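Structure first, commentary second.
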């Protein structure tokens, strides 16, 4: 009898249920009645506070296309994992190990992003058998070319830019679409290219507002009355990039803008005479049914994770490398961030067709 | 030989090209080479400043599904129509009449919303032959049950709420989706119902933030960890509704929020312990391909407008009444607003299934 | 205590769950714990064979957007309702009345199409309290301007034509898209107009294959290399329309085509030198999430049905008339078909913009 | 001055315009007024018969999202390239070389699939400078991991299966969805996995109809009333696979089915008592706007093609290998087919989660 616990942690994204389903189906297919799967609720929280339940086979039916996660999720910052929960008198790491034992688990399957993988690695080092899957719309997990959720979010962000494109062509206006991505620009870079944005602003390439304004003016001179700017949530000006982190946070807070698009809009209003409109699709980008690409990816990753469990090959994240599914040690993944290479082929391709990065 | 000018005015929406196409196809079909169609650029601006061109038959091919308007559009506030353009030394109304004559028009076809219809009525009273079509995502034009663009915008706003719904179920959070609609709540009411929002805030029903907070708390008590609030751009609190317009504007400006959703989020943060997320899809809602419903409506309205021209039955807007396409005199339409009846069947249906309007 | 049974019958369509949800939510909202809802499985079959269960409040949560029906459905031809089920020794009508009593129902809510309404009327005449909702992608239920499911199916059929349009423009080809609708042409008429079809063939207007070929030839002469034909499943040639029903069926069977589009393709191949391609999207048109329009309609109809139950106003279908929700006696609805008026405004609008009906 | 000709050949797919745009934009961006681009109409046909035109810069604007190809396309079988067109007295290869010279081209850019690449390689060997891009919904071009069009077609085929899934769950039925792919099963394999099909039939794995019927029966025994079969156009039974090609063709022709799905339906009707429904979305799968993934891929491939032209590195196809864009010699690509590895990771993943291939 194999006992497997499964949890989803961190911000949710499309494909979580598709991946959960693939892990479960592959385990049931291989082991039949010789496997028990425990659904751990709301991320590491459920493992800490003992909120879990034995799943039935049909819990995993009909969930392939459903957004969100049937297990619930929560953010449990890695930094606080070692901090005692004074209120409930709980040593979190100890509690997780105890609940792991209480369930009699052979393995814990973790679906999560960067923060999640730090904790997953820690649990692995603490002696738990862990297998993880790379989940995030940000595509910023080290060790894998692709994370699930990313392509689905990209479809949505692109649809937003598309629709705004059609309205933009009818008016003389500048539109700023704020695409998710605080630390990395993958999503905005892909969606900006796919949506035909004129300017793409990503955290990895600090922008100069005058350069952005120049694009608007140049397009006007070419008889193009509108400009579309795709700005990542984490887009940052050159001045801001030169600040220390603390200083930068204070600076942004002092301005009082709810997010970067509104700040950029005001900055551009000072530079041009154009009407500027802002769209902030927000969590829209994380929700809904996963796209076909993600469902195939989730199925492959889920089947690969099940295979690692069957082989008792623990301590790994299943990853995409050169298009193939491979295991990567959690210790290699944890604590690193996969950012957009500023001189990489994708940024260069974008520049080659005339897209500005505002630099 | 019949000469027909056509222009689109005001904020753009889905279906403008579909409607233009239907007018043109129906005229060509009925009159063959005995009709000339002039495309007037960028709304009334093109009529004032003489920016127009004779269209070819194939200009109207392949545009059924295209968002925006092939003629361009602009906002020309009705209040300033009688104001002389000092810079260019132009009496706008006079100029429009002169350009109408210069083109030798038998009729001017105008596609627009509320402001547009005031000007259309004025031009009709000034002696021009005018036929108009009701265009707006707001569905607020008096004299017609439905305007084109509305249903397409509703599809988009609903999709946003849908996706956020799936992410909301995975977290314990409150989401505010700001749906277009400054003066009327039709779009938000329909999208809110369609998206399964828990709270719908519309300009016609001022809200009480404590009542909204109560919904969140009640849902929590029922074991539902999330709440979705669909707020129209023009949603307004009871306190604000009691203010004079000037006072209200000053109040809102003093708060510095870019739009109502951010204000509501802060107000709710004071009342509850929930994390609150905001999505502002903005002009995304006006763009892209019209939905099937709107394309059929545009075709019917366009064919009806062409018929009015053939019958020389001018001074009318083509409208939907009891599901049928009928002409309504511009004088009846102009200057009125079709708001959501606060005790109407739609609001009652929403209340009947447990949706709160925050009142 | 009120006890309400609910069943869905006939071919499924989008919006069934949205309508079920609205009925249930409105009943719970009005009656709280003073209502019990029984879910009857697989249409009238569940009522006949006693397959039903008491529903819980949360069974109706999260189903607004889900395609299909949580209750299951089946076809129980009206003609066989009075026929004894010899195999199981069951008098169906008697059994339905007995199970109605066994559940202690105050009312039976029926969601269905034309066949379903014949049986609903019969049950009403047999003394059961019945309230019904008009469900079908065909929009052919007498007494209501609109049925739910129709607009969602129309969106899908239009999307198919749209995509084929874009591929058609690149090749010199004729495309036939077979749209659902055996007896009436509403769906194909709307989707054909919305998708910009060149020819629309519906059961109400028998076609002449030479007239269809003429359209192809004329378009070629105009430099348009492709033609798109939207053919309803029930499209019929003039020769076939002149046959008796039995004769017609034998004729079609003798040809061996799986459906009309393939027959038409071969007939056109004899008339033109064009390559002809066929698409038969089939049940794709009935599935998936209901569109925003249908969700609002389902909510209104469901709330209205609940109101009839609260008022004990039985024996009615909730219907749309002049845009308003009204009750219509089942006796008025049953046994009639709402076909496309061949000289109505919609067909005329289509003809006005140059669409051929092949007649 | 650089002169570049560009043509699209073979069956169309999504992303052709996006790729054309990227090539053009990258050339204009690098060379400004020092480049002339010739649009060659309707594939190799335009090159043979001298149907081309000098493009303007703005011909490439606004086409990113448009389905089909602005250049038109046609099928020019490779086998007939060397055959003299007797009717017009034209030696095709000679004519292509002459028109290439007449335009004064430095390079010919070819977007096409397998057949197209045979001709592209031949023209390269004949001394023309050729750069090609891999276009096909089939993803069967040798030398590249991915072709553009594939992912967009996969989205559509998946959407069809999704919708049928929701209707299937409401009825006890078997649904067969026929997905494009005559020679290879990539599209059906991906769409089948993404859509949650129970059985996937691809040309590479001949099926046994009794094995397919067993899946239906087994699912029934498990209480699952429906089964979804995704069948590639080129799906083939074991008996048929054993036939010689000529014999097979005669066999299929003798049966008279318009396509494989109808044959399979009849075969299964003999094996089971289930109602069976068929959907054949057909060219729907090739049309419409490219998905975000394809647009990014087209942009990358287009920019890479332009770079090859700037570097005068001719005789290559731009390809994806290990996720990177690389040139592959046409001689390596031509005449080979990339089929689904029957023991590859993707097929195994599908089997691992319980999908049957009917073998």
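Every residue, even glycine, has its Cβ placed from backbone N, Cα and C.
Look at TrEMBL and you will find A:138 tagged as active site, proton acceptor. Within its own chain, residue A:138 (active site, proton acceptor) has A:113, A:114, A:147, A:150, A:180, A:181, A:183, A:184, A:186, A:187 as residues 6 or more apart in sequence whose C-beta sits under 8 angstroms from its own. Secondary structure from DSSP puts residue A:138 (active site, proton acceptor) in coil.
Around the Cβ of residue A:116 (ATP binding site), the number of neighbouring Cβ atoms within 10 Å comes to 29. Residues annotated as ATP binding site in TrEMBL: A:11, A:75, A:76, A:113, A:114, A:115, A:116.
Summarising the annotation, TrEMBL assigns Mg(2+) binding site to A:114. In the three-state DSSP scheme, residue A:114 (ATP binding site) falls into the helix class.
Per TrEMBL, the feature substrate binding site maps to A:136, A:137, A:138, A:173, A:180, A:181, A:182, A:233, A:277, A:283, A:284, A:285, A:286. Non-local neighbourhood of residue A:286 (substrate binding site): A:11, A:12, A:13, A:14, A:137, A:149, A:153, A:180, each in the same chain, at least six residues away, with C-beta under 8 Å from its C-beta. Secondary structure at residue A:286 (substrate binding site), taken from DSSP and collapsed to helix, strand or coil, is helix.
The domain 'Phosphofructokinase' feature in TrEMBL is assigned to A:3-309.
Residues or ranges marked as site 'Important for substrate specificity' in TrEMBL: A:115. Its own atom aside, the Cβ of residue A:115 (ATP binding site) has 21 Cβ atoms within 10 angstroms in the protein chains shown.
Around the Cβ of residue A:11 (ATP binding site), the number of neighbouring Cβ atoms within 10 Å comes to 22. Annotation for residue A:182 (substrate binding site): same-chain Cβ neighbours under 8 Å, separated by at least 6 residues, are A:203, A:232, A:233, A:234. Each residue contributes its Cα atom, and for residue A:284 (substrate binding site) and residue A:75 (ATP binding site) these two points are 19 Å apart. For residue A:76 (ATP binding site), the same-chain residues lying six or more positions away in sequence with a CB closer than 8 A to its CB are A:9, A:43, A:44, A:45, A:48, A:92, A:115, A:119.
Apart from the site residues A:11, A:75, A:76, A:113, A:114, A:115, A:116, the chain places the Cβ of A:9, A:10, A:43, A:77, A:78, A:112 no farther than 8 Å from the centroid of the site's Cβ atoms, the recorded ATP location. In this structure, the binding-site residues A:114, A:136 were compared by how many other Cβ atoms lie within 10 Å of their Cβ, and the smallest count belongs to A:114. Across the structure, residue A:75 (ATP binding site) and residue A:136 (substrate binding site) place their CA atoms 13 angstrom apart. The Cβ of residue A:277 (substrate binding site) has A:173, A:174, A:175, A:176, A:265 as same-chain neighbours under 8 Å, each 6 or more residues away in sequence.
Checking the recorded positions A:76, A:113, A:115, A:138 against chain C with a Cβ-Cβ cut-off of under 8 Å leaves no residue at all.
Recorded residues residue A:116 (ATP binding site) and residue A:136 (substrate binding site) have their alpha carbons 10 Å apart, per Cα-Cα distance. Note: A:286, taken in sequence order from the recorded positions A:76, A:114, A:115, A:116, A:138, A:286, have a C-beta within a distance under 8 Å of a chain B C-beta.
In terms of local Cβ density within 10 Å, A:284 ranks first among the binding-site residues A:75, A:113, A:180, A:284. Under the three-state DSSP scheme, residue A:11 (ATP binding site) falls in the coil class.
Residue A:75 (ATP binding site) falls outside any helix or strand according to DSSP and counts as coil.
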